[in-house]
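What TrEMBL lists as domain 'Potassium channel' is 83-140, 174-252, 365-420, 452-530. The annotation transmembrane segment is assigned in TrEMBL to 6-26, 122-144, 165-184, 196-214, 221-241, 287-307, 395-417, 443-462, 474-492, 504-531.
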Amino acid sequence: MRVSRAQGVILLAGFLTYVVMGALVFEILEKDHNKKVIDAVFHLKHDFLLNYSALTPEEVELFIQKLIRSVRKGIIPAATHPSEKYSNWDFANSFFFVGTMLATIGYGNVSPQTKEGQIFCIIFALFGIPFNLICLNYIGFLVSRLFESCAKNVFGKGKKKTARYIFLFVVVGILMFLILPSFLFQWVEGWTFYEAVYFTFITLSTIGFGDYLIGRNHDRSYFVGYQLLAAIWIVIGLAWISVLFELFSSLLVALWICQTCQSRQAVKLRSHLTEQNNMRVSRAQGVLLLAGLLTYVVMGAFVFELLENDHHKKVEEATFHMKEEFFLNYTALTPEEVELFIQKLVNAVRSGIDPVGTHPHEKHSSWDFTHSFFFVGTMLSTIGYGNLCPQTKEGQLFCVIFALFGIPFNLLCLNYIGSSVSGICESCAEKLSGKENKKSARYVFVFVGAGILMFLILPAFFFQWMEGWNYSEAIYFTFITLSTIGFGDYLIGKKQDRNYFPGYRLLSAIWIIVGLAWIAVLFELVSSFLAPVDPKPSSQKDSRG
């Protein structure tokens, strides 16, 4: 995409307006409901602290279950009264939510809870995500031009797109967008440097687990403009890392998949989808590509199981031991000791522990091979539900390195699957309207209409039946998953009181893989309609050549 400077300014101003409008609508739809829920949770906790010594163990267990549900909805009852100055859905938080949603980071600490908010979220993101991709493409173009200018000054004009340029782009970018911001977050948030690096990468890669969040620690003082500075870092960093992933994808194509590709393609500034749509591979190469990704995912699942499983079991056992001790002595505890127990329970839930019942779940582990495999798949697709995330330092470090190469690998595979899906739709369009019209409005209608039916509407009926959700919740889950926002407020296969048939997760994984490829092409299609038209006619470009 080539746009003039004036078009670029208008593009960014239009996107900012779109985000502001969305933030205002979400504030209207969600703020009052969120306040009612928060008041109810704190009232529940207040009544519990007043009467806990007279409650039966069953009533205490019911309170814990309600507390867990509130934590998973983003309500953390860490004090005795809700803060009057703070709301999850004031304009500032709504604005940040909209920004991270359209970037498909989707931390999941805040997500729409009303039916109206969930429907608006789908419609708003359907057009907002392609709009965001266009803006990131433009910002990425500016970032790339800046690095090209630096390369000219350092290496000379003739070498601006050589390995030295790539080295400059990668190393300086890592310094500017990962290392230096990590020092800032380490200082402001009180994290270790490893935690800060992990947060910066998980954010910019749009995985967005939500296990680490900025500006949320009420015990710390944040300087004025901290969140604004972080937002600017996210916007420019997203543009840089998208070019980085594009670069890695192009290098993978050049080295293995498509030998006809030239290395100069690696530094062309195009969006992921537009660039990768030019990739042509044979069926045999496509099978090898998918087999390679599957091998990569299996290897990653084994490593994560090795790094995280024992630690998770120890934390889970410690949580249930703490809960058992509480049930034995809660009638004799002081309110302060009960408050401490609640805080520890909240922290355990946020780290992926499910402390329901009296004993750890022996039949399954959150980091057995099956769960690790599903985790790796959702991580590389940047869905990142956040219900499960690495807790050990080794696991977090491996997560960064593994995803750095795995995400571009996954993009190549999705592009191949997307090309296949698009080819099927083209064949259907040919039969409906003839070969000469296969790229006409009828092709678009077939691709969009059949895709919505196959990947959103029908799966939503299936998940409604399997999970016991209502249909609006199911359609919300399908879109939030396939768009890779992945709030994690709705998850499949997690209810202990429901019977899931063998292969349920496998079938869901296949739906996710093919659906991701379809929705990527859909967003590319919407982006092509929204993108500004090049103001310079082709004849002028040719005359200059």
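The backbone N, Cα and C atoms fix where each Cβ goes, and this holds for glycine too.
A TrEMBL annotation is a machine prediction, not a hand-curated record.
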Kindly say whether the transmembrane segment (504-531) and the transmembrane segment (122-144) touch, using the definition of 3 or more Cβ pairs under 8 Å where each pair is 6 or more positions apart.
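Judged by the Cβ rule, the two regions touch, with the required three close pairs present.
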For the transmembrane segment (122-144), which stretch among 196-214, 221-241, 443-462 has the most Cβ pairs under 8 A?
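Of the candidates 196-214, 221-241, 443-462, 221-241 scores highest.
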Do at least three C-beta pairs under 8 angstroms join the transmembrane segment (165-184) to the transmembrane segment (221-241), pairs 6 or more apart in sequence?
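Counting Cβ pairs under 8 Å, at least 3, so yes.
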Which range wins on Cβ pairs under 8 Å with the transmembrane segment (474-492): 6-26, 196-214, 221-241, 287-307?
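Comparing 6-26, 196-214, 221-241, 287-307: 196-214 has the most Cβ pairs near the transmembrane segment (474-492).
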What is the number of residues in the domain 'Potassium channel' (174-252) that are helix, strand and coil, as DSSP sees it?
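Counting residues by DSSP class gives 55 helix, 0 strand, 24 coil.
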I need to check the long-range neighbours of the transmembrane segment (6-26): which residues 6 or more away from its ends have a CB within less than 8 Å of a CB in the stretch?
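Distal contacts: 89, 91, 94-95, 97-99, 102, 112, 117, 120-121, 124, 128, 131-132, 134-135, 138-139, 142, 532, 535.
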Considering every residue in the domain 'Potassium channel' (365-420), what is the mean pLDDT value?
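For the domain 'Potassium channel' (365-420), the model's average pLDDT rounds to 90.
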DSSP on the domain 'Potassium channel' (365-420): how many residues come out helix, how many strand, how many coil?
40 helix, 0 strand, 16 coil
